[in-house]
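What follows is a set of notes on a single structure, which appears directly below.
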Amino acid sequence: MHSPLAVVALVGRMVVLFAAMLLVPLVFALVQRDSGVQPFASATIITLAAGLGLSLVTRRYRRELQPRDGFVLVGLTWTLLPAFAALPLWLAIPGLSATDAYFEAMSGLTASGGTVLTGLDKLPMSVNVWRCFMVLIGGLGIIVLAVAVLPLLGVGASQLFKAETAGPLKDHKLTPRMAETARGLWTVYFLFSGACFLAYRAAGMGWADAFMHMCTTMGLGGFSPYDASIGHFQSPLIEAVAIVFMLLAGVSFTLYFAAWRLRSPVVLWRDIELRGFLLVLVLAVALVALFLTAHGVYGFGEALRHAAFNVISVATTTGYASVDYGAWPVFAPLLMILLGCFATCAGSTGGGIKMVRMLLLLKQAQRELVRIVHPNVVNPVVLGGNVVPPKVMQNVIAYMMIYGATLVSLTMLLVFTDMDVVTAFTAVVACVNNIGPGLGEVGPAGNYGGLTDFQTWVCSFGMLLGRLELLGLLVLFTPQFWKD
């Protein structure tokens with residue numbers, strides 16, 4: 001490892017950039033003349049001062065990033081920025097503890113969508129704008145945003161991009177320079193976000209509601225300025241708009257970028273992960289709709305409406321709710337939580353292990369079954385017409401082992417604190433997969449506000465682990481990482 005001060009220097013610059021983002025809710029507070037003016041002004045000044053201080057103290061240590069530096073920078077940034085993001089929440093919301101404020105900020109920046117807050121309808125607009133805006137900037141990754149706008153990262157930006165971008169096949173370069181790729185991804189993200197805003201406005205939302213829900217739809221974070229979430233509007237048209245853009249955001253943005261550069265939308269349909277994503281969701285929506293109808297919960301038309309919205313919301317790890325699906329017969333919400341663990345595509349703003357990993361695991365299982373029958377056959381894992389390198393399969397299998405161990409370990413920690421098993425397990429699954437709501441006390445009709453401080457920190461850590469795809473953070477805790 002080189003001097004860590006070089007990494008701290010870059011963290012300082014990212015904190016300065018983050019201070020600029022705090023101006024968005026500050027402008028809303030000034031326009032609305034709500035009580036958020038002083039908290040956001042104070043938070044902006046403190047964040048800017050901290051960023052400038054770090055930058056000035058370490059200004060002599062600028063250099064190109066090395067592979068290990070990228071992981072250190074990502075880990076530091078994603079741990080530190082939620083603290084600055086939590087500051088205005090802590091200042092603006094009476095009685096909110098620092099622990100709960102950090103959880104709320106971590107949930108927003110990791111695009112998870114779980115909340116500790118109630119009475120959202122009564123919060124200052126600027127506070128809700130900040131909650132939702134955090135999801136937008138966190139959805140595609142603050143690090144990717146920094147790579148796109150901060151040329152000081154130079155060629156070393158590729159190490160950041162590798163550490164931040166999700167998925168087992170992320171080494172594939174879409175352009176010769178990572179910064180150019182990041183700018184392209186952000187352009188696609190911005191265009192979809194603008195279209196989402198206009199669609200919400202056309203569906204009947206006010207401009208502020210449209211902006212906030214655009215942020216959380218494209219970021220797949222699920223925050224809403226209303227306790228009833230999307231159910232507040234009681235509008236099938238608004239739900240339909242949300243479904244369309246949740247689906248769009250659940251697809252790999254690198255795939256959109258590739259189709260754009262090649263001027264060929266056929267690229268999209270040729271992608272086996274996208275086809276798997278759509279097939280699984282169509283089958284799941286149909287199954288849940290039929291299940292709810294068979295159990296007399298709704299008539300078929302209403303069952304199809306609520307199944308389509310809520311299944312897609314949870315499966316894409318958004319976390320919106322149009323009804324309290326936690327009150328449905330248990331098969332339906334359990335299936336939805338399961339889908340949230342793997343349904344979204346690598347390179348999307350969604351969480352979970354990603355569809356491509358699930359497809360690779362199924363291919364590997366098929367390969368092993370064939371080898372039992374024909375021990376000497378040469379049968380490589382093939383996905384989308386391409387032979388998958390053994391190194392990728394090793395990474396996927398290691399990831400799944402760590403993923404399972406993480407779910408068990410964090411669940412045991414919560415159960416140790418006398419949390420009931422259903423709440424503990426689904427809270428961990430929801431946090432690690434960045435889904436947001438779980439079941440039980442943390443279901444769609446509840447939230448994480450009733451957790452103890454220790455339980456809240458466990459869930460915050462789970463969200464951080466999930467956002468950095470486990471290995472990106474856990475590698476920092478290995479002795480080998482710190483050896484020269």
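FYI, residue positions are counted from 1 along the chain as it appears here.
Yeah, the Cβs are placed from backbone N, Cα and C, and that goes for glycine too.
As annotated by TrEMBL, transmembrane segment applies to 39-58, 70-93, 133-161, 182-200, 237-257, 277-300, 334-353, 396-416, 454-477. Annotation comment: TrEMBL describes L220, G221, T317, T318, N434 as K(+) binding site.
Outside the transmembrane segment (237-257) by six or more residues, the chain places 139-140, 165, 167, 172, 174, 181, 184-185, 188-189, 192, 195-196, 199-200, 202-205, 213-214, 217-220, 230, 267-268, 271, 273-274, 277-278, 281, 305, 308-309, 312-313, 315-316, 318, 320, 322, 343-350 with a CB less than 8 A from a CB of the stretch. Same-chain residues lying 6 or more positions outside the transmembrane segment (334-353) and placing a CB less than 8 Å from one of its CB atoms are 110-112, 139-140, 165-170, 189, 218-220, 249-255, 273-274, 277, 280-281, 284, 287-288, 310-311, 314-318, 325, 399-400, 403, 426, 429-430, 433-435, 438-439, 466-467. Its Cβ placed at the centre, N434 (K(+) binding site) has 31 other Cβ atoms within 10 Å. With a 10 A radius on its CB, T318 (K(+) binding site) counts 38 other CB atoms from all the protein chains. Long-range contacts of the transmembrane segment (396-416) within the same chain, counting only residues at least 6 positions beyond its ends with a Cβ under 8 Å from a Cβ of the stretch, are 168, 353, 357, 360-361, 364, 423-425, 427-429, 431-432, 455, 458, 461-462, 465, 469-471, 474. Neighbour density for L220 (K(+) binding site): within 10 A of its CB lie 29 other CB atoms from the protein chains shown. Other residues of the chain with a Cβ within 8 Å of the Cβ centroid of L220, G221, T317, T318, N434, the K(+) site, are A111, S112, G113, V135, G139, G219, G222, T316, G319, T349, G350, G351, I435, G436.
Sequence-distant neighbours of T317 (K(+) binding site) (same chain, 6+ residues apart, CB-CB distance under 8 A): A111, S112, G113, L220, G340, T344, G350, G351, G352, N433, N434, I435, G436. In sequence order, S107, G108, A111, S112, G113, C132, M134, V135, G138, G139, C215, T318, G319, G436 are the residues of the chain that are 6 or more apart from G221 (K(+) binding site) and have a CB within less than 8 Å of its CB.
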